[in-house]
Amino acid sequence: MQLGLDFNLVEDLVAGVDEVGRGPLCGPVVTAAVILDPSRPILGLNDSKKLSEARREALFEEIREKALAWCIARAEVEEIDRLNILHATMLAMQRAVEGLSVTPRLALIDGNRCPKLAVPCAPVVKGDSQVPAIAAASILAKVSRDREMVELDRVYPGYGMAGHKGYPTAVHLEALSRLGPTPIHRRSFAPVRELLDVSVQ
């Protein structure tokens, strides 16, 4: 049994914010913001990377049912290429917080920097393994993005996206060099850009 984080740490109207998908060579960066309800405990919350896929899927449904408010947002590949991955991630986090149906009094952001927000915010390094609301956000973002990559694997077969979720694994890099980039590959990322540079020459 995975005990997860102490739900007593949940505070009123504090949003946790996290992202998934900064490192992949393709697909969007997905963010989530979650305000947990202290009166409706969710057991087993933890950093999404520490949970099994089945546990993440179960918690995904429970978080959406029990949270006071939640929002999943994103920045598209075109925005990542235009803005760079850091700025696109900040934009997607901003969208997640702005999309909440309840205004938080504070937003806690996983990592070491905050996006520009209309509410007070603070960064929390390794927040997804310390703050229950950030852990919940990490689960919503990861399950949402993983499901999308499984769908995109059907649209762009041969790259193995359902398995590696767009990350630069040996399988992905080999398929990329053999098949070339798809419309959902990030042109600003070195392995994709280098392939395009070679094809232009």
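Start at 1 and count along the chain as shown; that gives each residue its number.
Each Cβ is built from the backbone N, Cα and C atoms, and glycine gets one as well.
Since the structure is predicted, the reported quantities are computational estimates derived from the model, not experimental observations.
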Recorded divalent metal cation site member, picked from ASP110, ASP146, ASP153, that accompanies ASP18, GLU19 in Swiss-Prot: ASP110
For ASP110 (divalent metal cation binding site), the number of other Cβ atoms found within 10 Å of its own Cβ: 25
For the binding-site residues ASP18, GLU19, the one whose C-beta sees the most other C-beta atoms within 10 angstroms: ASP18
Reported mean pLDDT - the domain 'RNase H type-2' (12-201): 96
Neighbours of ASP18, GLU19, ASP110 excl. site residues, C-beta within 8 Å of centre, divalent metal cation: VAL17, VAL20, THR31, ALA32, MET93, ILE109, GLY111, GLY127, ASP128, ILE134, ALA137, SER138, ALA141
